[in-house]
Amino acid sequence: MNTNFIEEKLLPIAEKVQANKYITAISRGFIALTAASMIGAVYTLLKSLPLGEGYTNFLASTGLDKILNIPISATTELMGMFVAFSIAYQLAKSFKRDAFAVGFISLISFFIVTPFSTSVLDAAGNSIAVEGVIPKTWIGAQGMFVAMIVAIVVTKIYDFVIRKNWKIKLPEGVPPMVAEPFEAIIPAFIIVTVFLLVRAGVQLTPFKDVHQFVYGLIQVPFSKVGNSFVAYILVTITAQILWFFGIHGATVTKSIMMPFWIAAATANTIALANGEPIPNMLTMNFYALTTIALGGSGNTIGLSFLMAFRAKSKRYKTLGKLGGIPNIFNITEPIIFGFPIVMNPAMLIPWICTPLITFITGYVLMNLNIIGIPAVLPPYTTPFFGIGFLAGAGVNFGIFVILASLISVVCYYPFFKIADKKALEEENMGAVEA
C-alpha cells in the first residue's frame, strides 16, 4: 500500500480519532501497562518453551512450573484489573481531576460488577458453587473490555459530580493532600451505588453478571455459521476487532467455534493415524497455523522484525528488541499493549488484514494441492520457522508458514513506517525542548 495514500487519506482520519481524549486515555492506559505485559510474556515463554515433554516434566517434578506461574498470575492474569485503574487514571488527568482517586474508584467499581463466586466440579462431576472468591477469568484479559467501560463511566460521573460541586469542603487552610481524599467521598458513594444497581439489574437477566452479558451478546452470531469458510473469515475479522477494543477476541470466538473445530480436527488426526486422506480442510489447526503462528494474534512477527531492524525511533527500536523475542514464540501482548495496537486507529487495517491475507492465501494453496492439510497443532509457542513442519502437512506447509512471515512484514511496513516517523519527530522535538 502506498505510504502517500496512507499519510494523505487514512492518517488524518486516524489522527482525528486518536485526538479524542477517551481514545488517548485508553491508549496511554495500555502503554502504561507495558512493564506488566512484558513480565507476564517472559515468564509465559519460560514456562511454555517448545522443548518437548522432558522440559515439561522437569518443570513439574521440580515445582518450577508453579513458581513460574506466580508472576504470570500477578501480571497477565490480572490485566483487566490493571486496565480499570490505568485508563481511569489517564482519563482523569485529561479532565484535571484527582487521577489516583478516580483510578481507585474505578477499580472498586470494576469489582462491584465482577462476580464473587465461581463453580467447580466435585469428584462425581457435579457442579458446586463456591462463594466469596473472584474468578480469575474476569479480572484478566477477558475482563478488559468491561474494565474499559467502567473506567470511562466512572471518570465521567466523577467529573460531573465535582462540576456540580457535590463534595465535602474543608477549610481553605487544609493541605490538598488532606482535602482531596475527602472531596472524593461523595462521588465515590454515588459511583459505587450506580454500579451496584447495574449489577443488580443484570442479575435479573439470564446472563447473571455484566461480564457474561457482554460476552454473551458478542457470541450469539457465531452459533449460526458453523464450520464454513465464511465462518472462519468472520471469526478472524471479529477476533481482531475485539482485540482492537481490548477484548480477548480469541477467547470469545473460540468458546463458540470449539465444538466444530474439535470435531473436524479429531477426524483429521484419526485419518492421519490410519494412513487415510485428511478429510477436513478447515480446522482449528489450520486456523491457528495461519492466523496466530506468526507472532500471535494479528500475526505481528513482521511488525516485530520491522521495529527491531528498521525502526529509527528509540521507542520502537527498544520495543522491537524487548517484545520481539516473546513474539517469536507467539506471545504478542507486549506488542499489543506496548505499540499499542489497542485503540490505535492507525494500525487497525494491518491488524485485521494480515491474518486474513495469510489465512486466505493458505486456503487457496490447500485447494490447489500446493500445501497439505495440517493434522496436528504443535505447541503454540513453537516459533514460526518450525511450527509448520510439525503440523503433519508436509514440508511445503512448513515453507509456506515461513514465507507467510514476509506477508506480515509487507502488510505492516507502510503503517509502521508512518508510526516510526511520527515517533522519531516527537523524540527530536523533545530533545530540542530539553
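Every residue gets a Cβ built from N, Cα and C, even glycine.
Features reported for this protein in TrEMBL:
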DOMAIN    6-415  domain 'PTS EIIC type-3'
TRANSMEM  25-46  transmembrane segment
TRANSMEM  66-87  transmembrane segment
TRANSMEM  99-118  transmembrane segment
TRANSMEM  138-161  transmembrane segment
TRANSMEM  182-202  transmembrane segment
TRANSMEM  286-309  transmembrane segment
TRANSMEM  348-372  transmembrane segment
TRANSMEM  384-413  transmembrane segment
Open item on the list: With Cβ-Cβ distances below 8 Å as the criterion, list the same-chain residues six or more beyond the ends of the transmembrane segment (138-161) that contact it, or say none.
Closed with: 22, 25-26, 29, 76-81, 83-88, 91-92, 95, 97, 101-102, 105-106, 109-110, 113-115, 167, 184, 186-187, 190-191, 194-195, 209-211, 214-215, 242, 245-248, 251
Task: When counting Cβ pairs under 8 Å to the transmembrane segment (66-87), the leader among 25-46, 99-118, 182-202, 286-309, 384-413 - done: 25-46
Open item on the list: Cβ pairs under 8 Å only, please: of the recorded stretches 25-46, 99-118, 286-309, 384-413, which one is richest in them relative to the transmembrane segment (182-202)?
Closed with: 99-118
Open item on the list: Pairs of Cβ atoms less than 8 Å apart decide it: which stretch in 99-118, 286-309, 348-372 has the most with the transmembrane segment (384-413)?
Closed with: 286-309
